[in-house]
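Everything on this sheet refers to the single structure shown next.
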Amino acid sequence: MDWLQLFFLHPLSFYQGAAFPFALLFNYLCILDTFSTRARYLFLLAGGGVLAFAAMGPYSLLIFIPALCAVALVSFLSPQEVHRLTFFFQMGWQTLCHLGLHYTEYYLGEPPPVRFYITLSSLMLLTQRVTSLSLDICEGKVEAPRRGIRSKSSFSEHLWDALPHFSYLLFFPALLGGSLCSFRRFQACVQRSSSLYPSISFRALTWRGLQILGLECLKVALRSAVSAGAGLDDCQRLECIYLMWSTAWLFKLTYYSHWILDDSLLHAAGFGAEAGQGPGEEGYVPDVDIWTLETTHRISLFARQWNRSTALWLRRLVFRKSRRWPLLQTFAFSAWWHGLHPGQVFGFLCWSVMVKADYLIHTFANVCIRSWPLRLLYRALTWAHTQLIIAYIMLAVEGRSLSSLCQLCCSYNSLFPVMYGLLLFLLAERKDKRN
């Protein structure tokens, strides 16, 4: 087994690993009394700029330009209008970049550069931070930089005043991945006194490293099993189900490994869960809880726990503000945020229907199923069904293209979401009659 190829096969893993020593250095410098708060902001910002240029090359401009514009917007707009205008600018910019990917993939039929994929991934994370910051300002939780037009301060003072916001948008531990950190938590971590700054827990980092090693070994074993089988276009019945489940497991193992690596980088820099939570600070939200994701029999719980910080961001940004069809609007926006590929649109809309069905099915079961043997059987069956439906959705989203989506829809695997869809129709009709 080529271990070097195993751990650095994905470019994001390579660049996240390359940033690790600098995260440890930042943590060490913060313990020193001579490392001022302004120096911390500059270190994080400079590290983000260097990492962006190293990972994205000339495409890094697609990150720097919206970050600069976002800081300008939050500096000069009033709190009442800052979120709306910032949101539409950021999503418009991201959509244009995704349309460039569509043009290259579907019209030209050429594979886009790897650096462009990394840029789009980082741009999606930047959108999270920009909209989170603008929401905080709009809700009065965070103060915007002083208004340049109304203030008589010099231009350099305005730049220093905007430094925390600019550093937040581009700080290197979260540039390429990681749980969404609010501006308030980011500011509290950076401004924490040297005596209160958390020391590096090498035991926690070692444990995360062992988890990544185990996940990567599982990926190698599963990849060999998947590659030896048939494809979705020529599989038959149970073989199609096994192929879908094992391929989805490959995707999940990749996500788990990346999320743990991202969490390790944030921890090494002092922004992880081990940093604790002081008065007025927001808690750290990890993206992955493997045990909950793999043992739950509820599709709705899986949706809330999968990429948890993003799920909370979508809930705050879309779900709570939607007056009609909040669930559908949330998943539709998620498809827009991911790039509006055919498989993504179908996958996320299917997911919203499955979550709605999940609520009705489990509400009905809690009333009708009383004995514990039947409850145990029900839980086992719904767990298996949940895992297979999630695998179906994952293949649709990750396949992206229309041809891959057609292969998936024409396979026997479509039986599982169709079954939940029929139950949704029957239970919704029963609920309407009772009302």
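Glycine residues also receive a Cβ, built from the backbone N, Cα and C atoms like all the rest.
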- Are Leu120 and Arg434 on one side of the membrane according to Swiss-Prot? no
- 121-136, 153-168, 185-200, 297-312 - the one Swiss-Prot records as transmembrane segment: 121-136
- Provide the three-state DSSP residue tally for the topological domain 'Cytoplasmic' (358-376): helix first, then strand, then coil. 16 helix, 0 strand, 3 coil
- Give the one range among 41-56, 60-76, 121-136, 207-227, 408-428 whose Cβ atoms make the most pairs under 8 Å with those of the transmembrane segment (325-338). 121-136
- Could you give the number of helix, strand and coil residues in the topological domain 'Cytoplasmic' (137-206) as assigned by DSSP? 37 helix, 0 strand, 33 coil
- Ranked by Cβ pairs within a distance under 8 Å of the transmembrane segment (241-261), the first of 6-26, 41-56, 83-101, 121-136 is 6-26
- Item | Top Cβ-contact partner of the transmembrane segment (121-136) among 41-56, 83-101, 341-357 (pairs under 8 Å) | 83-101
